[in-house]
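Remarks on the structure that follows.
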Amino acid sequence: MCGILAVLGCADEAKGSSKRSRVLELSRRLKHRGPDWSGLRQVGDCYLSHQRLAIIDPASGDQPLYNEDQSVVVAVNGEIYNHLDLRSRLAGAGHSFRTGSDCEVIAHLYEEHGEEFVDMLDGVFSFVLLDTRHGDRAGSSFFMAARDAIGVTPLYIGWGVDGSVWISSEMKALHDECEHFEIFPPGHLYSSNTGGFSRWYNPPWYDDDDDEEAVVTPSVPYDPLALRKAFEKAVVKRLMTDVPFGVLLSGGLDSSLVATVAVRHLARTEAARRWGTKLHSFCVGLEGSPDLKAAREVAEYLGTLHHEFHFTVQDGIDAIEDVIYHTETYDVTTIRASTPMFLMSRKIKSLGVKMVISGEGSDELFGGYLYFHKAPNKEELHRETCRKVKALHQYDCLRANKATSAWGLEARVPFLDKEFINAAMSIDPEWKMVQPDLGRIEKWVLRKAFDDEEQPFLPKHILYRQKEQFSDGVGYSWIDGLKAHATSNVTDKMLSNAKFIFPHNTPTTKEAYYYRMVFERFFPQHSQGHRVGRTMVRKSGPLGKGGTGRPSRRLRTPT
């Protein structure tokens, strides 16, 4: 993933180069996201800056990107998986291309379709596009910005006192300059013509939060083969790369499915011709942790070239401040899980790998968290999966993107493929209900789709392994160590006064208070504290204390 910063319609009181210098300075705060190249384009009172992590066409795909006469300028963070098809169609319409970058199609699609092209993109992306040929209602060049359907890529938008609009991949490039900023909503675009947002992603399952009576429960019958093929297609798309890559393998269901599908299809891809057919897999954990053991077994079964990284509780504690700075959150569950991922990403990047495929999103799509056992009916289960999917950008997407991007590593998440999401969320949720009398445990529809007796994707006990929270799977003593560290840094009196110090999202535990203290040191403006989500645990759910989701019992593997 790359880093983008756009400053649009700004006033430069010095009438010189001071604003350009300031934009360059702020853009450097995103350099960890894109260490391979930096680019900046200024057009009048608008600036588009880009920090590039080169995955596709490393030699010539530097940004910003342009149309033929450079009147349309675009800075993109993302991957467009259907770019070859789009290129072919655009070439047929008379367009020519300067680079092999998958993102260059965006400028040309805008020329052909105006603002109505975003839904044509199959991929994950955040971009800002500047049309220097046309002005907006404020007299500056027209601009638009958009974010992918679920928010796999991070994006924030803010406003300066001079009327400028600021858009960035991370908060840290905005907080010094903006009077107010907020999360750029996933599945939306922003147009300078209207000065507001409109939603471009409107799938049938996407319910209206304000009108629960209007929610339509899906009714498509469960087809295990169709679901399997949709996921295989999602994984194969993400094998599009011109650089070394691998998979994150915890040994749980989701990462193991990613790995087994990648192994089966890798030999037929261009990536295999470049980098070989032996898939690299990576796992992290405390010595003797559940994930290390399970991942080792899956890697041996699949024949991957497996890399196992160990860390100590103290290693993790020493990294906490860096993790909070990079993830830009104080959410307890996110920080617990981000820290091992942050440490692992550094190791992976040191091996020369620039892209990994990961398993985030499955639990939200299929009701995989243990509290879904308490769903009273399929309608409530569907509403909750919708809520969880729509909140992913504040939690698991944020973790997977920022904990890896901190080291210039890109994480791709096939479960959050737009087509696969629509397939999974269209299934009649009756099939997602936990029904022990029928042998259906959580995520049964996904497990069953890959339960192939003739050509097994995974061993049965792995296919039906109960979910571990990532922060638990790396070793149970990890969370206990974090709590002990927080207790040594936060007194009872500090916690009792939390509601006065932090009136918004008031921390209720010493661990939460400690993370909030660190966060406020990096990001003291009130606007930022309000932009952070906090994991909410259903009171009726069987989750462990603090939202860890530790299983209270093991479910038997179906025979």
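Each Cβ is built from the backbone N, Cα and C atoms, and glycine gets one as well.
Annotated in TrEMBL:
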ACT_SITE  Cys2  active site, for GATase activity
DOMAIN    2-195  domain 'Glutamine amidotransferase type-2'
BINDING   Asp102  L-glutamine binding site
BINDING   Leu248, Val284, Ser358, Gly359  ATP binding site
SITE      Glu360  site 'Important for beta-aspartyl-AMP intermediate formation'
REGION    534-559  region 'Disordered'
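Feature map: annotations from TrEMBL on the structure.
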residue: Cys2; record: active site, for GATase activity; contacts (Cβ under 8 Å, 6+ apart): Arg33, Gly34, His50, Gln51, Arg52, Leu53, Gln63, Val76, Asn77, Gly78, Ser169
residue: Asp102; record: L-glutamine binding site; contacts (Cβ under 8 Å, 6+ apart): Ile56, Asp57, Glu79, Ile80, Tyr81, His83, Gly123, Met240
residue: Leu248; record: ATP binding site; contacts (Cβ under 8 Å, 6+ apart): Ser255, Val258, Ser281, Phe282, Cys283, Met344, Val356, Ile357, Ser358, Gly359, Ala411
residue: Val284; record: ATP binding site; contacts (Cβ under 8 Å, 6+ apart): Asp291, Glu308, Phe309, His310, Phe311, Pro340, Met341, Leu343, Met344, Lys347, Val474
residue: Glu360; record: site 'Important for beta-aspartyl-AMP intermediate formation'; contacts (Cβ under 8 Å, 6+ apart): Asp254, Leu392, Asp396, Cys397, Arg399, Ala400, Val413, Phe415, Leu416
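If you draw a 10 Å sphere around the CB of Ser358 (ATP binding site), it holds 26 other CB atoms from the protein chains shown. For the ATP site listed in the record, the two most distant Cα atoms among Leu248, Val284, Ser358, Gly359 lie 15 Å apart. Secondary structure at Ser358 (ATP binding site), as computed by DSSP, is coil.
Leu248 (ATP binding site) falls within a strand segment according to DSSP. Secondary structure at Cys2 (active site, for GATase activity), taken from DSSP and collapsed to helix, strand or coil, is coil. Every protein chain considered, the tally of other Cβ atoms within 10 Å of the Cβ of Gly359 (ATP binding site) stands at 24.
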